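These came from Swiss-Prot, pasted as-is:
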DOMAIN    34-101  domain 'BTB'
DOMAIN    136-237  domain 'BACK'
REPEAT    285-332  repeat 'Kelch 1'
REPEAT    333-385  repeat 'Kelch 2'
REPEAT    386-433  repeat 'Kelch 3'
REPEAT    435-481  repeat 'Kelch 4'
REPEAT    482-523  repeat 'Kelch 5'
REPEAT    525-575  repeat 'Kelch 6'
Amino acid sequence: MASTSTEVFPFKDQELSTQLLFQLNILRQEQIFTDVILCTEDKEIPCHRNVLVSSSPYFRAMFCSNFRESSQARVDLKGIASEVIECVVDYIYTGSITITMELVLPLMQAASMLQYGRLFEACSTFLQEQLNPENCLSMIRLSEILHCETLKERAKEMAVRCFSDVAASEDFCELTLPELMCYLEDDRLCAEEEQVFETLLAWIHHDPFSRRGAIHDLFKKVRLRFIHPTYLFQFIANDPLVQSSTLCTEIIESVRRLMFSVSAKCTKELKPLWTTPRRYTCRETLVVVGGRKNNEQTSREALLYDERTQRWQWLAKLPLRLYKAAYVCIHSILYVVGGLSLSLVSGDSAVSATVYTLSLKTNQWRTAEPMLEPRYAHQCVSYLHFIFALGGIGQDKQISNTVERYNSMFNQWEVMAPMPTAVLHPAVAANDQRIYVFGGEDALQNPVRLIQVYHISRNLWSRLETRTVKNVCAPAAVIEDKIYIVGGYTRRVIAYDTKANKFVKCTNMKERRMHHAATVINNKLYVTGGRFLNSHDVIEDSDCFECYDPKTDVWTSKGSLPYKLFDHGSLPLICVSNRPNPP
């Protein structure tokens, strides 16, 4: 019979090393077998040479090489306070230490000198826990002296994340020019570009005699594209420091040409300033506004969707109920244009020319210059710093082909060339100096199989008949050089390639949808709400929230809206965040 006894029994005493160290510490305290004395200016600390050698490369090199200390019974440790050496020796023999604000700096220096890496990192962790916007800049300088990269990186991360508070600290104005430039060019900087400019001005004015020449280099670090044109051209362009610099005025003029001319190209020198958003500040968020919700009640709600938490946040309500207004955003400001204003009390309605604006900075609705012509059921589209209002229904209740353009720089509307054909509910998008109006319906509600193209710089229209276009009540959105037309009493999704002048079929939606909204965030198409035909061909309102990825040609559900909604606006707005965007 085979033996069942265990021939091999591996055993490891988990407590032996701890007990061994404990007993060695007792021997040290009783000065038994100690063979070396560490000397400071006012103290002598007996130790075991082999324990020191085993604990640190510094002592191993000292005692195991041909240094004179290898044969000495007494070793002087100059430049380290006695209480610090005592703490280090206690740490060597026990593995424990209490770090305080009074002790941390000399302890960190000693740990660095004596090559106790874990103790050094423990001190670094302690200092990282003390970080705040007021001391992070001094912590960065300290980390450079101590050569502590982990502390330096954490302190710099706080400096760019809490830039508003850091810029107000006393240490900020003492930064050198290279240090300030390093912060201002950081993609992680959590600040709006207006504040970036104001901060560099404050730094220069702290010592204007020696710093005013730095405006050339500092101004290049401001991402000018993300500054509102009014602030840029009325405040920044007129600042005496900016005007004193030829380079700054040349940059301002280049930006002016880019904003005012639809055909201007971005120069190589200006491109970093113009095209690159910061990872922290340029987080696009989805805003859903207006429309008709549950039981066709006109809604005053404005909602913001947080992709990270996947939750909806309520913004300030519209000042009044508007039926079939147009919605557009430009320079991170939401515009609600025109519409049919409704009174729930009297039941009266009036065609409106009013323009309301909402900024996420203030979360308050304001009025801008009203349109020249009241209209509703119209379309609005933005291009550069312009907003175009196209068609709709006017005060005479007739379908209009008129077009007007709003200049956000000067808060002015002007009449533009009318559309060749008046249509209702077309899909409209702007790309590459042109506005495209796809389909829609005529006064008799017949689909119009037509593409109308407006050349912005020439103020001229052209038209192209095509049987591919048959959309009504469908939104359009631009991703790269393709205009996506989504649904419109159909499940169909098609992409119009503006360069190749051809249509490409995409994956269909799940339902035949109309009166929905679509927008683009991070090169993905987000579709919200609308109405759809169910399996019994009955029209129902929808709270659907879906996303289309053109790279994979796949639709995914993002959940649902807080309520069923159609004839609303769906727009991307940029909000400031102190968390980075995912790579």
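Even glycines carry a Cβ here, placed using N, Cα and C.
Quantities reported herein were computed from a predicted structural model and do not represent experimental measurements.
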Average the per-residue pLDDT over the repeat 'Kelch 6' (525-575) and send me the rounded value.
92
For the repeat 'Kelch 5' (482-523), could you work out the same-chain residues 6 or more beyond its ends whose Cβ comes under 8 Å from its Cβ atoms?
284-286, 288, 291, 307, 327, 427, 429, 431-432, 434, 436, 438-439, 468-476, 529-534, 542, 544, 546, 548, 550-551, 553-555, 566-572
With a cut-off of 8 Å between Cβ atoms, can you find at least three pairs linking the repeat 'Kelch 6' (525-575) to the repeat 'Kelch 3' (386-433)? Only pairs 6 or more residues apart in sequence count.
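Output no: the repeat 'Kelch 6' (525-575) is apart from the repeat 'Kelch 3' (386-433).
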Count the residues of the domain 'BACK' (136-237) that DSSP assigns to helix (H, G, I), to strand (E, B) and to coil, and report the three numbers in that order.
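Split by secondary structure, the domain 'BACK' (136-237) comes out as 77 helix, 0 strand, 25 coil.
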